[in-house]
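Trainee: Please read through the structure below; I'll follow up with questions.
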Amino acid sequence: MSDLRITEAFLYMDYLKMSECIQISFAVCRIGIYTCFRALCCKGPPPARPEYDLVCIGLTGSGKTSLLSKLCSESPENVVSTTGFSIKAVPFQNAILNVKELGGADNIRKYWSRYYQGSQGVIFVLDSASSEDDLEAARNELHSALQHPQLCTLPFLILANHQDKPAARSVQEGFHEDYLTGNDKHLEKTQRKQIMYYTL
């Protein structure tokens, strides 16, 4: 009889140990599940990326629409030249650029200034393989933009597009150095701006 009681006592102790282990295991599982739930569901939305409003100008055929479509990962097959204006949200990892693209036809360029308000930067796209006449027209438009009161203090990005064509020029060849450095003699000293230029 005493052996039976000893065996029962051992079994009861084993039961208590096993019960304690199961309770600890459940507690650890509950903590793990709760931690995962908090990490996945209760974190809140990611912080909003800052947005910047830019204006994109250039003559017809300079490649403004194609460039913006590529930056937005849109199909290049459906690109149609802009006749008025269009707005594209160009997403980057740390910011979103709301780019207002203005058509570059002769009859539209005179209205460009109506769309400058609120811009925080300017993209000027140049067809680097254009004729001398078109290049001169592009110079004049860039000069006007550099002097415009709503743009004169904003950063400019000048892109020389169509570098794959045989007649392509660099930005330096297409524009006088004063335009590129912001040292245009027609600009006041207080209106110096940051001007960057790239070839595509």
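Note that Cβ sites are derived from N, Cα and C of the backbone, with glycine treated the same way.
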Trainee: Need one residue: from Gly32, Gly104, Gly121, the one TrEMBL lists with Gly58, Leu59, Thr60, Gly61, Ser62, Gly63, Lys64, Thr65, Asn161, His162, Gln163, Asp164 for GTP.
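Mentor: My reading of TrEMBL gives Gly104 as the candidate in that site.
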Trainee: List nothing but the largest Cα to Cα distance in Å, as a whole number, among the residues Gly58, Leu59, Thr60, Gly61, Ser62, Gly63, Lys64, Thr65, Gly104, Asn161, His162, Gln163, Asp164 that the record says bind GTP.
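Mentor: Between the most distant Cα atoms of the GTP site, 21 Å.
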